[in-house]
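Participant: I have a structure I would like to understand better, so I am pasting it below and will then ask my questions one at a time.
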2 protein chains.
Amino acid sequence: MEMLQGVMEFQKNLAKDHAQVVPISVFVAVLCLCVVVGHLLEENRWVNESITAIILGCLAGGVILAVSKGNSSHILTFNEELFFIYLLPPIIFNAGFQVKKKQFFQNFLTIMLFGVVGVFISASIITSGSWWLFPKVGFAGLNARDYLAIGTIFSSTDTVCTLQVLHQDETPLLYSLVFGEGVVNDATSVVLFNAIQKIDVTRLSALTPLNVIRDFLYLFLTSTALGITSGLLTALVLKTLCFGRHSTIREITLMVLMAYLSYMLAELFELSGILTVFFCGILMSHYAWHNVTHSSRITTKHVFAMMSFIAETFIFLYVGMDALDIEKWKMSKLNMGTSLGICSTLILLISVARAAFVFPLSALSNYMNRAHSERGSKITFKHMIIIWWAGLMRGAVSIALAFEQFTFYGVTLDPINATMITTTIIVVLFSTVVFGLLTKPLINYLLPHPTTTNDIIRERRYDNAREDMTLPLLSLEESATTNILRAKESLSMLMEMPVYTIHSYWRKFDDAYMRPFFGGPHPVNEQSPA
Amino acid sequence: MEMLQGVMEFQKNLAKDHAQVVPISVFVAVLCLCVVVGHLLEENRWVNESITAIILGCLAGGVILAVSKGNSSHILTFNEELFFIYLLPPIIFNAGFQVKKKQFFQNFLTIMLFGVVGVFISASIITSGSWWLFPKVGFAGLNARDYLAIGTIFSSTDTVCTLQVLHQDETPLLYSLVFGEGVVNDATSVVLFNAIQKIDVTRLSALTPLNVIRDFLYLFLTSTALGITSGLLTALVLKTLCFGRHSTIREITLMVLMAYLSYMLAELFELSGILTVFFCGILMSHYAWHNVTHSSRITTKHVFAMMSFIAETFIFLYVGMDALDIEKWKMSKLNMGTSLGICSTLILLISVARAAFVFPLSALSNYMNRAHSERGSKITFKHMIIIWWAGLMRGAVSIALAFEQFTFYGVTLDPINATMITTTIIVVLFSTVVFGLLTKPLINYLLPHPTTTNDIIRERRYDNAREDMTLPLLSLEESATTNILRAKESLSMLMEMPVYTIHSYWRKFDDAYMRPFFGGPHPVNEQSPA
């Protein structure tokens, strides 16, 4: 008994000391290093935050590999739960919280074209392309479900890299499109991936794509509704209870917890947590954020950004470390040539698939917005190239989906799955590092001179003028005739440029009903966390 | 193969959906509820935050028990790793970060008397008392190590409850003593607990207590040194690199990560993470906090408070939920009478053991401070009663230590261990709820009228006057004779009131060497996050 207890206590101490403390310490230390190095390289022409993290991760992996005498390079088993439950929610919530809502919604249709339709096109091309080409480079053994999954896995983009180079004030349209597509793309990939998991691959029919689209739409709408509800609920609670009276800490805590709760509830009801938490973020920054004290506003803005920053760096660090995982390399049992073949095929497919929707959909968007193409909302050919390039990088979502598809709780079961995991990691590494390094030079080449300040101011003025033109549409002091005339006018405007008109009606409704009820800035001095 | 894969995927989905999402959702939802209810009851005469959380936890446990049809009341297995790795560090760091450093260090000796010597006295009394009394109420089977552990487990106090009632401005000495003792007590209990784990119970000798004290001192000094080093390092990095130039997010991230890293490093080197992170917090708020941008200051102050708040609420919520854990009740196999006997014995021992050191040590402290007893630094009898009462509550640290001693990763192995766990939970519940409810009325009775504002101002003026008297001791413009005279004077002052003199020398050194190097406020307009 005494003996047994002794042994158990020893095991307990051993487990306690090594199972958690060592990996956490190493990870936190390398994260600190990332922060410092990222700061020092801020003005570097080539490198960005993601590349820094990946390279530092590789170095750390190398050191661990050396210390453990070639046994293992990674000290923390990646599982997609860690990613989907703890790392992804802060990233996506922060995206919603900091998004410039006006620009996002003004370009809503174009963003949706790229982010939703684009993913469908890209996933189909990559699926059929890999199905056709993989056996030709000597890699067989995947089933239909795997190919479908591959299409989605490699359709999720990582635009962080490009966003660090673009400037919101210099090229507002481009920034808003790349940013918006990035977020919608993440959500679409995950939702599509889950919809594909439900397909009964043994009974594929012409109706299967329709079923996928139906599932997708259902998930999209319910998840959005849940996100909006929880955002509004938070705003209402904060407004009604005036937490700031007693403690600002409670306000901040409630915002953080409600954001997380919305994500977890969505996962609980098997909806898309990403969409939910994104819309929750938008609603919170639009209403709830204005119901808290000044110091809580500053704090929440920075807290969400910090959590997102830590989560992103953590993921890239992990990818870097995992790249040196000997086990998976050994297990995949493929020669260099085949591996290279698979990776090149995938990178080629990614580029082609992205080109196949960016250029046509940009043209479509230009056609839809032809009524006010003079406003600078036309996507030029150079812009198209940048949008295409911005979406070539693959990142955390790809890795997470690949782990979900090809591992069992982070453990690879057979050579084929191991190959797919290593392939995904190589594609992510290659696209982030190689494409990433070329991003700054490319954009500086395509957009050589930043728009002069005068231009920006003129554009903004124009923007305001247009808004003034559409804003008084519903004023009540005018005669009935004018109203009917105006109604006709606004109807034709609705046909011509639907998004603008809807946006302007929404703002009226917002100012008249939503903001007085849920809280928000006074219409005159608008401010938002972004 | 297909079949196997199907089964595994099903298991995976089941595990994914239920192992993590459900408990996290429930916990986050109940946490939100706690925040709202805590706010609504803020002005209530009896209830405080801890009681709210415990009661809500009980209710949630009851609901879960009903839903699971009597199977289980808790959905998350408590393990001391969760507590020591994720929940305790933010609480202790925040205590160090927000502590009023001047008052803390001026009362340093008294705080150490209560927090270190007091725990030793209390632990000895509880250990010998329970060793003597437990068999008399019909509970046997514990070994020497268990009794030693019980002494430490029930010597750790939880002063949150009292601190919510006391006001820092009205009774600064009392507040500072209760707050300081609370933190030092936590650290001492954990360090002592670990020192006791190392005792070879088969070879107890007269040297054993000395060995414990030696181990304790070693841990205390090394841990403090590590905390100070990491705090200063953070300050230096922030000052040298000027993160605010590019991004305030990096500053905040680095502060949070370095704080956590100091704790994890201490655990890695088998030191006391609590002490390390506490001193790291003090150093960070004293130097590093002044090297960051204005918005980072607001953010860090609130972030640390928020994390601490969430961790504290989470723990009390868990204790409430765990109270209804049927398994442990069934396993303990004791009748009502014996259980009641054990709990009453412990509560009696706690009260006696605390009285046994609070009153003598207060008298000792008054004797040491006799030279400036007129300054309001004398501990009156009413103050002694409040200090005694403030430390009667038992909280999270007791629970965590009990789980570490009497369970194997949260699973109780035999009836005796199960009894000790349920007993600890009952004692924590009883002391928090019953003593907690009486705290506000008791303090209002003992300190009926808050000190008038005039008194406070007079006291502060006196404080400043005394400081002015000691500050110019080292000025260089004076003649040698004066200097020698002054040196004598300051030596006699060092004998008379050592802490004050050391504190004043420290401040000179700080202003002259430390602050210019590590960063800090300009000596004139001092400010700190507290």
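Glycine too: its Cβ is placed from the backbone N, Cα and C atoms.
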Participant: Select from B:415-438, B:487-510 the stretch of residues annotated by TrEMBL as transmembrane segment.
Facilitator: B:415-438
Participant: Looking at B:82-99, B:111-134, B:216-237, B:385-403, B:415-438, which one has the highest count of Cβ pairs under 8 angstroms to the transmembrane segment (B:339-364)?
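Facilitator: Comparing B:82-99, B:111-134, B:216-237, B:385-403, B:415-438 against the transmembrane segment (B:339-364), the winner is B:111-134.
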Participant: Checking distant contacts: for the transmembrane segment (B:111-134), what same-chain residues at least six beyond its ends satisfy Cβ-Cβ under 8 A?
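Facilitator: Long-range Cβ neighbours of the transmembrane segment (B:111-134): 104, 140, 142, 147-148, 150-152, 154-156, 176-177, 180-181, 183-185, 187-189, 192, 213, 342, 345-346, 349-350, 352-354, 356-358, 361, 364-365, 387.
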Participant: Mind checking which residues reach the transmembrane segment (B:302-319)? Cβ under 8 Å, same chain, six or more beyond either end.
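Facilitator: Distant contacts of the transmembrane segment (B:302-319): 27, 30-31, 34-35, 38, 49-50, 53-54, 56-57, 60, 74, 76, 78, 83, 86-88, 90-91, 93-95, 97-98, 160, 252, 256, 259, 281, 395-396, 399, 425, 428-429, 432.
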Participant: If contact means at least 3 Cβ pairs within less than 8 Å, sequence distance 6 or more, would you call the transmembrane segment (B:82-99) and the transmembrane segment (B:53-70) in contact?
Facilitator: no
